[in-house]
Amino acid sequence: MAFPYSSCKQKSTFLTFLPLLLLISSSVADLSFNFYAGSCPGAEFIVRNTVRSASTTDPSVLGKLLRLIFHDCFVQGCDASVLIRGNGTERSDPGNASLGGFTVIESAKNVLEIFCPGIVSCADILVLAARDAVEALGGPVVAIPTGRRDGTISVAANVRPNIIDTDFTVDKMINVFTSKGLSVQDLVVLSGAHTIGAAHCNTFNSRFKRDPRGNLELIDSSLDNSYAQTLLNKCSSSMDPTTTVVNNDPETSSTFDNQYYRNLLAHKGLFQTDSALMEDDRTRKIVEVLASDGESFFERWSESFVKMSVMGVRVGEDGEIRRSCSAVT
């Protein structure tokens, strides 16, 4: 099933003003909207069209593209270092083993190299593809400043200290986000990415245990009982918890909306990190607001996504423009 692009004009009201305010910082002064207007005017269209085409044959790729940008930006900035192949690279770390969407980025890059060789960075393609994936699933239309350059260093050892594990406490998550210049609100808003996508059973199996007969049983009382039973039924029947997948959002998994927050209120957060947001006053209050106001979620998502997309960017003479996203030039 293909996901239609949203044409709701109301969403476009979030496009310009908030991101512009965020770009006042000198560290991202070399980024701009329509950066490729003169050098490769069709760049954003090519990326969007590639994402749309890929999603018609594999709808799950949209969630994968969104996850991919998190795993890139949180490790030494949004520099496409997660795309580099090779022993000892970020991509080779077990924490990134289940990442997907790489072929979509490479496909877009291949087309861009035909029309605009050596112009558009993989880092920009990655951010634009994640933006377009959200839009394709009915999420907000977000204007993204471009002009990022690609990093030349990708080290597996940098992955684990910088990404959120599924059993983190709120304090641990806040510490990671704060170290990136992101706020508690950004943490809750960007957690809303779990309104799409899917996860393997082994990523949340700490919420259950196996009895002597090998059957799973619930040990996490924060989960809704009926939802927990659904997860048990899904995962108990699998001999390989690394391959069986469960939708992050049990209600509207094919739509980018604020259902994730309503799920949290109903104690139906898939990961421990999801449920933890309801156990801390700092985060629970934000969850309650976003659960009741989908428009507010879209507006705040637009802010937080742009903030994340400019973390640690390489601009000017820093970095390079790769000819292939999977290898340093």
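For all residues, glycine too, the Cβ spot is worked out from N, Cα and C.
For C116, the cysteine that TrEMBL lists as its disulphide partner among C40, C73, C78, C122 is C40. The disulfide partner of C235, as annotated in TrEMBL and taken from the candidates C201, C325, is C201. According to TrEMBL, C78 forms a disulfide bond with C73, chosen from C73, C122.
For the binding-site residues D249, D257, the greatest number of Cβ atoms within 10 Å around a candidate Cβ is found at D249.
Around H71 (active site, proton acceptor), the same-chain residues at least 6 positions away in sequence with a Cβ under 8 Å from its Cβ are V82, E90, N96, L99, V159, I163. Residue environment of H194 (heme b binding site) contains 23 other Cβ atoms, counted within 10 Å of its Cβ in all protein chains.
Shown are the binding-site residues T195, T252; of these, the residue with the fewest other Cβ atoms within 10 Å is T252. A Cβ within 8 Å of the Cβ centre of T195, D249, T252, D257, the residues given for Ca(2+) 2, is found for these other residues of the same chain: I196, E251, S253, T255, F256, N258, Q259, Y260, N263.
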